[in-house]
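Colleague: Positions annotated as region 'Disordered' by TrEMBL: 1-24. Per TrEMBL, transmembrane segment is recorded for 139-159, 198-219, 231-253, 259-277, 289-306, 312-333, 340-361. According to TrEMBL, the domain 'Peptidase S54 rhomboid' annotation covers 192-330.
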Amino acid sequence: MSNEIELSDFEKENQNQNKKEKKSISRIKSFSKKFKGNFGFLNKNEQKQHDILWKAVSFYKQKPRKLMPYSKTILKFADDSQIHYSIDTNSWLYPNQGLQNIDLEKVEQNENFQNIANKEEEDESIEEKEYLEMMGTHFPYFTWIVSLADLVVLIAGILKYGLASPKQNIWIGPPFQALIDMGAKDGELMKQGQWYRFFVPMFLHAGFVHLLSNLLFQLTTARLIEKMIGTIRFAIIYLLSGVGSVLMSVLFLPELAGVGASGSLFGILGVLLCELAQNWNDVYRPKTSLFLILLTILLSLGVGLLPSIDNFAHLGGLITGSLAGVVLLPYLNFGTTRKILVVICFPLLLFLFVIGFILFYHNVDVNGWCRFCKYCNCLPLNNGCKSIGQD
């Protein structure tokens, strides 16, 4: 494409540029990394190009407010100074419009442009500065601590109860009775006052295969989400999603013992959807990001139709995480729409938890209310639903 500029070209020219020119190029890179808002779905070459061009060639749109002042300034100065550039309205590289053939170095080196850029930086609102400080600057303490705890708990369980045979536990872990003794979800015991079983299952795993499958997502995507939104927000969403997943599971599958962090991780997928919706106009190829997130959710729910996997826990975590994400994610513009969403989602989240606990402790058979809901967790083939007591 005509608007592609290779990183190597800039690097070669940097060797012959003066100190001021080098600072200008570095400035574009730093701004692009701070504001780009993508979810990491780029290969290395695309990432290099994107880091340089994002601030310069992405048209600024008014949501969120002033999130991309630098690119707006470049275009404004280019117009005022009659620096040539062209617009590709059908560009695939950016969500709306692409900018082509602009002399970025000429723009950056101009003293008037530097003054305009500096003034716009100084004029950033307090909310914007707080937003930028919150996004992408946190060490993922919670993710690492929880991941380590998951591993330690599994090893401790195996040391205490032994390793079950593959016929008893295909996940390579302790016997299932041991998991119940350690705090797995068990509807009957929970009604007898063992309320801690709403929390403990998210830190238990059936075996090493089960644990590794969860850690793969937890130490990659979930870790990045914690870095982006902060430990406190992430921990609240993670724990709420875990409890929400256990609650929905025990309502529909009260007799099935359940363990695992997958409910919490589905909550993080819900957060990804919220974050993408919030930054839709500023995310690199947002439709691709949406497709990948939805594909991940659908494939995971598809796997959940297999025996011994609890899809109700997945759905409970996804619903809880999505609602909690709307309420807790840091937003740049707390406008009317945002306030309306919070006013709706926060009471709805509380309502679902209250109703769920009431239904559970009053022994209401929710499967009797929703006859078809069982097919969210099993396929009516080869007695698949009978094997888990749902037919």
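From the backbone N, Cα and C atoms, a Cβ is placed for every residue, glycine too.
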Colleague: Any chance you could find the range in 139-159, 231-253, 259-277, 289-306, 340-361 with the most Cβ pairs under 8 Å to the transmembrane segment (312-333)?
Modeller: 259-277
Colleague: For the transmembrane segment (259-277), could you work out the same-chain residues 6 or more beyond its ends whose Cβ comes under 8 Å from its Cβ atoms?
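Modeller: Residues 39, 146, 150, 179, 184-185, 201-206, 210, 214, 217-218, 221-222, 225, 228-229, 237-242, 244-246, 249, 283, 286, 289-290, 293, 296-297, 300, 310, 313-326, 329.
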Colleague: Can you count helix, strand and coil residues in the domain 'Peptidase S54 rhomboid' (192-330) using DSSP?
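Modeller: Split into helix, strand and coil, the domain 'Peptidase S54 rhomboid' (192-330) gives 108 helix, 1 strand, 30 coil.
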Colleague: Can you work out the mean pLDDT of the predicted model over the domain 'Peptidase S54 rhomboid' (192-330)?
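Modeller: That region's mean pLDDT is 91.
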